[in-house]
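Novice: Just passing along the structure, written as structure tokens.
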Amino acid sequence: MMAAGAAVALALWLLLPAVGVGEAGPPPIQDGEFTFLLPAGRKQCFYQSAPANASLETEYQVIGGAGLDVDFTLESPQGVLLVSESRKADGVHTVEPTEAGDYRLCFDNSFSTISEKLVFFELIFDSFQDEEEVEGWAEAVEPEEMLDVKMEDIKESIETMRTRLERSIQMLTLLRAFEARDRNLQEDNLERVNFWSAANVAVLLLVAVLQVCTLKRFFHDKCPVPT
């Protein structure tokens with residue numbers, strides 16, 4: 001029980017944004033990704049804190065398990081159902097603008113009584129830069145007329161680079177999830193091919209033995225030969 005509680009606490013710590021000790025204001029925006037095993041006949045929900053007037057993108061994929069499908073729902077902090085999907089292998093949904101509070105994401109495998117599912121999902125927030133921090137940084141430098149390159153150009157270049165790097169990380173994460181799903185599917189297909197190949201070989205051997213026995217009976221004379 002202690003190990004299970006520690007695992008749940010670690011999962012929540014990885015998913016929920018960290019709140020600074022002794023700091024005021026809303027929690028900082030953080031992207032998150034998580035992979036978990038959803039047992040057969042079970043439903044599992046996660047909660048993600050979000051600030052107001054932001055953009056939240058949710059992507060999920062079923063990367064393992066028979067059928068590669070799951071039911072998905074997304075609820076707002078007020079309990080309003082925003083997204084409801086049934087028996088889907090993947091999905092991408094965007095909430096814009098967001099409400100301040102905890103969004104609820106649920107994955108349901110109740111329709112499956114045997115097969116468990118391996119589910120990957122990712123939460124992506126649009127990054128917003130603190131205007132006061134930007135203004136303070138700009139005031140700390142020399143006047144723009146004394147610089148060869150304007151501060152706005154530098155900030156724009158840095159912001160563009162940061163956005164592209166974040167998007168590259170997100171795309172690599174999704175590609176890794178696709179690769180895991182394809183690998184699991186290929187391994188399942190390999191097991192099926194090996195099983196049915198062995199079954200066919202066994203049937204062929206059985207048929208060959210039966211044919212030999214049948215032919216031997218045709219040539220076996222049961223009548224005694226008089227001497």
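Along the chain as shown, residues are numbered 1 onward.
Just so it is clear, glycine is given a Cβ too, placed from its N, Cα and C backbone atoms.
Note that the coordinates shown come from a computational prediction; the quantities given were computed from them, not determined experimentally.
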Novice: Which range, 18-27, 58-67, 78-87, 218-227, does Swiss-Prot list as motif 'COPI vesicle coat-binding'?
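Specialist: Of the candidate stretches, Swiss-Prot labels 218-227 as motif 'COPI vesicle coat-binding'.
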Novice: List the helix, strand and coil residue totals of the domain 'GOLD' (43-125) as derived from DSSP.
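Specialist: Reading the DSSP string over the domain 'GOLD' (43-125) gives 0 helix, 54 strand, 29 coil.
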